[in-house]
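Have a look at the structure below before the remarks.
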Amino acid sequence: MLAAYFDQFNVVRLITIQAFLGDWLVTFTNSSMMMVLAVTIFWLLLKGDKLIPNRWQSIMELIHLNIRSVVHDNLGKPGQKYFPFVLCIFLFIAMLNILGLFPYVFSPTAHIVMTFGLSLSIMIAVTLLGFITFRLNFLSIFTPGGAPLILAPLLVLIETVSYITRVISLGLRLAANISAGHLLFAILSGFAFNMLSNGLVILSLFPMLIMVFITLLEMMVAVIQAYVFCLLTTIYLGDTIALH
């Protein structure tokens, strides 16, 4: 019974193609399909350029203003070059989270492999940009200014562990919140279905009302987690703008 709740997280092969060179297999899974679908949807919806915006264009303009405000508040004017990157990450993650709320739709952001890969790529880019911008001076982020020299080795170790932990925490936070919501929804829906199948119609109303509340909560969580991911990404990108 418990294993059935985790079936929604199974990665299923849809198309497998034998590569021309060697024994490489190119596999298109349900996770890949959802990511392609998410990119296609928000690319089509971003094409609105009407003088008098419709409802969807007004929402996109509101998202645009909020993400630009986040980038400006954390990175200032020099960090505006990162705005398109942060906006695309927000739209990508938010679209995947929202699509994952529909029945029988796979949610890639519930997989630590996907979210960890995204966070690892971001931190590698931050590190490379830091070295390109500041050269070896970038290593000064591991030694807090004004610290006693005798404590320098310990502080460097702590700051290094903290820097590496960013990769894990950034991806784990997103995957854990999304998968926990999906599991809770699956358990409650199974509980309500068992009550209905046993003829307990009135008693089944309680878990069904909870499911409605959780659905609304998950819609907020889907957007909030995308926002938190982008906010932390913006803060981490601050190391490529100015050393602290």
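From the backbone N, Cα and C atoms, a Cβ is placed for every residue, glycine too.
Marked as transmembrane segment by TrEMBL: 24-46, 82-106, 112-134, 146-168, 174-193, 200-217, 223-243.
As a quick check, the transmembrane segment (174-193) and the transmembrane segment (24-46) miss the bar of 3 or more Cβ pairs under 8 A, pairs 6 or more apart, so the two do not touch.
Outside the transmembrane segment (146-168) by six or more residues, the chain places 116, 119-120, 123, 232, 236 with a CB less than 8 A from a CB of the stretch. With a cut-off of 8 Å on Cβ pairs spaced 6 or more residues apart, the transmembrane segment (223-243) and the transmembrane segment (24-46) reach fewer than 3 such pairs and are scored as not touching.
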